[in-house]
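Asker: Okay, handing you the structure first.
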Amino acid sequence: MGAASSLELSTLLIHCAQAVATDNRRSATELLRQIKQHSSPKGDATQRLARCFAEGLEARLAGSGSQLYRSLMAERVSVVEYLKAYWLYLAACCFKMTAFRFSNRTILKAIAGRKKVHIVDYGVNYGVQWPALLYHLANFEGGPPEVRITGIDLPQPGFRPAVRIEETGRRLSNYARQLGVPFKFHGITVRWDTVCVDDLNIDPDEVLIVNSIMQFGNLMDEGVDIDSPRDVVLRTIRKMQPDAFILHVMNVSFSVPFFVTRFREALFFYSAMFDMLDATAPRDSHQRFLVERHLFRQCNLNVVACEGTDRVERPET
């Protein structure tokens with residue numbers, strides 16, 4: 001059988017999502033068989049996209065989405081491997097890099113002429129935003145200010161919930177020392193809505209910046225709970241009275257409750273992402289495989305196969 005066109009595969013995927021939504025198992029199973037026949041994790045952008053979405057639909061049909069998502073989240077990749085893959089993602093899809101640059105410029109403006117800065121970073125992850133800022137601060141006229149970063153991250157699955165944030169703190173501290181920037185890092189690994197102002201040791205002499213470039217869209221909103229985690233976090237930030245609050249949320253509607261609408265949105269969004277990678281990285285690139293597996297596949301599986309409090313990917317327009 002010849003390869004299906006991207007339009008045919010998209011149509012098959014949407015028909016399959018409609019069958020899954022109405023619990024038409026016979027039709028969904030047959031459509032999944034056809035999609036798998038024409039898809040591959042090593043093919044072109046459309047074939048990789050189709051394989052990724054087929055996995056989510058299959059998990060939703062089987063009711064195993066939450067378990068599969070948790071097992072994916074628990075997979076370990078070395079920091080070096082992950083960062084190499086992440087740099088490929090930043091180079092191919094410029095949105096995050098643009099957000100980092102905008103954020104860093106805003107911070108540099110806010111601290112001009114001041115001697116101390118405290119950055120509270122919700123979703124610090126691997127801290128990839130901060131080396132560029134530390135480099136600029138090292139070259140400040142009159143010497144660098146004192147820099148304090150409080151990195152807030154969700155606990156990692158397994159026996160060492162703080163392992164990623166500890167590694168991030170060590171890496172940033174080493175880099176700041178090389179540059180001669182006075183630096184302190186404090187890591188907090190809890191659900192964001194459990195952090196209160198007292199946990200942050202706010203000093204009125206410091207310029208206070210609240211930054212969130214990652215995962216703010218993952219906070220549960222009013223649709224899930226009356227006093228939603230998103231509202232709790234925003235109220236905490238208001239209490240901090242920061243000099244600047246910098247927020248980056250992807251402009252895409254994954255948070256709609258209607259499954260087929262959400263599926264279409266995700267399909268359009270990720271088709272652009274897979275296309276960008278296909279245009280910038282070879283098909284056999286190990287880094288590209290890691291981006292597709294550990295960034296795209298995880299998010300996609302959560303959007304397609306999880307519901308209720310297990311569905312954490314909730315960006316809005």
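Note: Cβ is positioned from N, Cα and C throughout, glycine not excepted.
On a predicted model such as this, the values are computed, not experimentally measured, just so you know.
According to TrEMBL, the record shows the following:
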type   : residues : note
REGION : 7-67     : region 'Leucine repeat I (LRI)'
REGION : 86-151   : region 'VHIID'
REGION : 167-199  : region 'Leucine repeat II (LRII)'
REGION : 305-317  : region 'SAW'
MOTIF  : 117-121  : motif 'VHIID'
SIGNAL : 1-19     : signal peptide
Asker: When the pLDDT values for the region 'Leucine repeat II (LRII)' (167-199) are averaged, what is the result?
Answerer: 96
Asker: Excluding the flanking five residues on each side, which residues at least 6 beyond the ends of the signal peptide (1-19) place their CB within less than 8 Å of a CB in that stretch?
Answerer: 25, 27-28, 31-32, 34-35, 37-39, 45-47, 49-50, 53-54, 57, 259-260, 263-264, 267, 271, 304
